[in-house]
Amino acid sequence: MGSQSETVCVTGASGFIGSWLVMRLLERRLTVRATVRDPTNVKKVKHLLDLPKAETHLTLWKADLADEGSFDEAIKGCTGVFHVATPMDFESKDPENEVIKPTIEGMLGIMKSCAAAKTVRRLVFTSSAGTVNIQEHQLPVYDESCWSDMEFCRAKKMTAWMYFVSKTLAEQAAWKYAKENNIDFITIIPTLVVGPFIMSSMPPSLITALSPITGNEAHYSIIRQGQFVHLDDLCNAHIYLFENPKAEGRYICSSHDCIILDLAKMLREKYPEYNIPTEFKGVDENLKSVCFSSKKLTDLGFEFKYSLEDMFTGAVDTCRAKGLLRPSHEKPVDGKT
């Protein structure tokens, strides 16, 4: 797998993960078909067209998860498909119809396109940590056998609940379809993705990751006992699992875990110019971190390259350079939230 003459398709190619993955695939001289909802929207696709080798090895294809069959042409003739696209509207007034249903139907639509193409050797799906550990009481360690509690999600309606439900139900539906239709299917389960990026707007995962800096308290619950992976490690893992013939099933991709207190301490030391809290409601130093085990991935031979500090330095530097994060805040009176 992974020869330079191969053609692969990346869905959601203009997004945070998709665009970085396209960049890494182009560096390996693969021909990439990138699907986006509107290839004529220059603001949304310029960062893709500006990539090295884009002129010779990249084409943009119009496709939408809500439009069944719209991925058929882009996938036809490809040997690999990376399904990264997913609706990310956390503020949706109608999450069942605007987020959950389109995610599941879009996933199955991609799989039908792969089956119809008859050229796709492997489909790699970007799942989410939200498919694994959303439940009332956290375990100390999670692995690929764990699944989130959908009833708890729908009852609790925590920040991003509709995203967790949509990814879980989509992945479960995909495994059923893959087994019934003999599709070589791999899922990657990233934890919170952090790092530098090439898209022009603020990635949703960085709204969460950088919430101690921005003071966006609604997102603190997600990183109260957080797990993290560098965007570049994640994209390299996608390619590694596509190319490795021994890969099968689900793979957690997570390199670091820490509680929000320790993350805030690291960020305060690194960025004293920001108003970063010293205390968080309901959190003290006795709170245990929760681990997402990447043992299955590393046992296959994959190696993580980046530290937690690398992730956040890359994210903050990029946000500042793009004008998405103010260079400093005035100090608060008490440093608490």
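Each residue's number is its place along the chain shown, starting with 1.
Cβ coordinates come from backbone N, Cα and C, glycine included.
Features of the protein shown, as given by Swiss-Prot:
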BINDING   12-18, Arg37, Lys44, 64-65, 84-86, Tyr163, Lys167, 190-193, Ser205  NADP(+) binding site
BINDING   Ser128, Asn133, Tyr163, Pro204, Thr208, Gln227  substrate binding site
ACT_SITE  Lys167  active site, proton donor
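Sequence features annotated in Swiss-Prot and their locations in the structure.
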residue: Gly12; record: NADP(+) binding site; DSSP (3 states): coil
residue: Ala85; record: NADP(+) binding site; DSSP (3 states): coil
residue: Ser128; record: substrate binding site; DSSP (3 states): coil
residue: Asn133; record: substrate binding site; DSSP (3 states): coil
residue: Tyr163; record: substrate binding site; DSSP (3 states): helix
residue: Leu192; record: NADP(+) binding site; DSSP (3 states): strand
residue: Pro204; record: substrate binding site; DSSP (3 states): helix
residue: Gln227; record: substrate binding site; DSSP (3 states): strand
Across all chains shown, how many C-beta atoms besides its own are within 10 angstroms of the C-beta of Ala85 (NADP(+) binding site)?
26
Whole-number Å value for how far Thr208 (substrate binding site) lies from Asp64 (NADP(+) binding site) (Cα to Cα)
26
Check: min Cα-Cα distance from Ser128 (substrate binding site) over binding-site residues Gly12, Gly15, Gly18, Ala85, Leu192 goes to Leu192
Spatially speaking, which of the binding-site residues Gly12, Gly15, Ala85, Lys167 is closest to Pro204 (substrate binding site)? Use C-alpha to C-alpha, please.
Gly15
Which one of these binding-site residues has the most other Cβ atoms within 10 Å of its own Cβ: Tyr163, Lys167, Thr208, Gln227?
Lys167
Check the binding-site residues Ser128, Asn133 for other C-beta atoms within 10 angstroms of each C-beta and report the one with the most.
Ser128
Proximal residue to Asn133 (substrate binding site) among binding-site residues Gly12, Gly15, Gly18, Ala85, Leu192 (C-alpha distance)
Leu192
Taking the Cβ of Leu192 (NADP(+) binding site) as the reference point, list residues of the same chain whose Cβ is under 8 angstroms away and which are at least six residues distant in sequence.
Ala129, Ser205, Thr208, Ala209, Ile222, Ile223, Gly226, Gln227, Phe228, Val229
Given that the record lists Ser128, Asn133, Tyr163, Pro204, Thr208, Gln227 as binding substrate, what is the largest C-alpha to C-alpha distance among them, in Å?
19
